[in-house]
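Sequence annotations record features per position, and here TrEMBL assigns active site, proton acceptor to Glu91. Feature annotation from TrEMBL assigns active site, S-methylcysteine intermediate to Cys344. Annotated [4Fe-4S] cluster binding site per TrEMBL: Cys111, Cys115, Cys118, in sequence order. Annotation source TrEMBL lists S-adenosyl-L-methionine binding site at Gly165, Glu166, Ser197, Ser219, Leu220, His221, Asn301. The annotation domain 'Radical SAM core' is assigned in TrEMBL to 97-339.
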Amino acid sequence: MTANLLDFDLEGLAAFCERLGHKRFRAVQLFRWIHQKGVARFWDMTDLARDLRARLAEVAEVRALPVLAEQVSADGTIKWLFDVGDGNAVESVFIPEDDRGTLCVSSQAGCAVGCRFCSTGHQGFSRNLTTGEIVAQLWHAEHALRRRLATSERVISNVVMMGMGEPLQNYAALAPALRVMLDDHGYGLSRRRVTVSTSGVVPMMERLAQDCPVALAVSLHAPDDALRDELVPLNRKYPLAELLDACLRYLPAAPRDFITFEYCMLDGVNDTPAHAERLIALLRGHRGRGVPCKVNLIPFNPFPQSGLRRSPREAVKAFADRLNAAGIVTTIRKTRGDDIDAACGQLAGEVRDRTRAAQRLARRRVVPLRVERGRSPAPEVAS
Ligand code: SF4
């Protein structure tokens, strides 16, 4: 089978070149062509030896993900929907700001964690993405944006692994993808500008700290175990005390001296003054010294099956004010791309539902009808 070169970090690509009988250092040239210049055709990689180009054309490819849809918001936010086969699709979102361009990347088709407030979680889990499929989202976005803006300068300065899926439940594919993002011959992003967001897969937080300590965001969403058990079912396996201990252990390796806690504001569920007090007590009181952190409040993006409502603006502001007054730096996430609105994962879920419906219909056998005189024919469907 043809090798997908987007599956390899630089070390993996060097080993691949060696297996083809070429020097390992050729991988640096090849890696730069692919990731820095966005070139997929080996014959266009003009400083590579002809025999290597010929061999690569036989056994390898740079496998982009087919784009099913692209939506551009009036505020410049762009959402791509990528086809990952078998009726599954994943989303990536580019968010331009004055001083940065952030790409939100997916790590799984669906998600097994099943958070109550998350559209992706409601779809269930289909499969892990490969390293190549994670990297392909960045590869496409970066080079499509450069072409659009007619620039050879880097457009994406930050990556957040906050799209569909729990990245730390796909660690084997995630770690090489992070190395491609950080590599100076790849995208050259600093560790501070690559963020992995987790719902709290404690053992893999330790692995990440050892292997590739990028910035960490933790989806908290509740100030106590009883509520978090409901909202983030993974909490039943790794409760808050264990999760906060893992955050404290992560900090010495982290590129920033704080952990970001994400908190999705749900009307009447986790957004009252009493919840704010409990959250302060948790974050400042853990193990008697607290966890150095920032809190990011996220306005909930409603979707039909959730049965949840977005907190009123005043409640979000009051919550933020109370945390800030207690010395916990708290921000409210700006909503972006409202006119291409759809909760993260919703668009992909719609594709999946349509595809499943089409597959179900295709599996049915259409039996030709005997047309009775005077009656209009209609297909008869047998399961
Ligand atoms: S919030 Fe993240 S971890 Fe939770 S279900 Fe959604 S994608 Fe999975």
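Backbone N, Cα and C define each Cβ position, glycine as well.
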Round to the nearest Å and give the CA-to-CA distance linking His221 (S-adenosyl-L-methionine binding site) with Cys111 ([4Fe-4S] cluster binding site).
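That comes out at 17 Å between the alpha carbons.
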Within 10 Å of Asn301 (S-adenosyl-L-methionine binding site) by C-alpha distance: pick out those among the recorded positions Glu91, Cys111, Cys115, Cys118, and say none if nothing qualifies.
Cys118
Can you tell me how far the Cα of Cys111 ([4Fe-4S] cluster binding site) sits from the Cα of Glu166 (S-adenosyl-L-methionine binding site), in Å?
6
Give the mean pLDDT for the domain 'Radical SAM core' (97-339) on the 0 to 100 scale.
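Average per-residue pLDDT within the domain 'Radical SAM core' (97-339): 96.
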Output: those binding-site residues from Cys111, Cys115, Cys118, Glu166, Asn301 whose CB lies less than 6 Å from an atom of ligand 1, in sequence order; none if no residue fits.
Cys111, Cys115, Cys118, Glu166
Distance check, please: Cα of Glu166 (S-adenosyl-L-methionine binding site) against Cα of Cys115 ([4Fe-4S] cluster binding site), rounded to an integer number of angstrom.
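Taking the Cα atoms only, Glu166 (S-adenosyl-L-methionine binding site) lies 11 Å from Cys115 ([4Fe-4S] cluster binding site).
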Quiz question: given the binding-site residues Cys111, Cys115, Cys118, Leu220, which has the greatest number of C-beta atoms lying within 10 angstroms of its own C-beta?
Leu220
Among Glu91, Gly165, the recorded positions in question, whose Cβ has the most other Cβ atoms within 10 Å in this structure?
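For the recorded positions Glu91, Gly165, the Cβ with the most other Cβ atoms within 10 Å is Gly165.
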How long is the line from the C-alpha of Cys115 ([4Fe-4S] cluster binding site) to the C-alpha of the residue listed as 'active site, proton acceptor', rounded to the nearest angstrom?
18
Which whole-number value in Å describes the distance between the Cα atoms of Ser219 (S-adenosyl-L-methionine binding site) and Cys118 ([4Fe-4S] cluster binding site)?
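Cα-Cα distance, Ser219 (S-adenosyl-L-methionine binding site) to Cys118 ([4Fe-4S] cluster binding site): 12 Å.
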Counting every protein chain present, what is the number of Cβ atoms, excluding its own, within 10 Å of the Cβ of Asn301 (S-adenosyl-L-methionine binding site)?
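Around the Cβ of Asn301 (S-adenosyl-L-methionine binding site), 19 other Cβ atoms lie within 10 Å.
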Highest CB neighbour count within 10 A among the binding-site residues Ser197, Ser219?
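Compared across Ser197, Ser219, the most Cβ atoms within 10 Å surround Ser219.
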So of all those recorded positions, Glu91, Gly165, Ser197, Leu220, which one's Cα sits nearest to Cys118 ([4Fe-4S] cluster binding site)?
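Its closest listed neighbour, by Cα, is Gly165.
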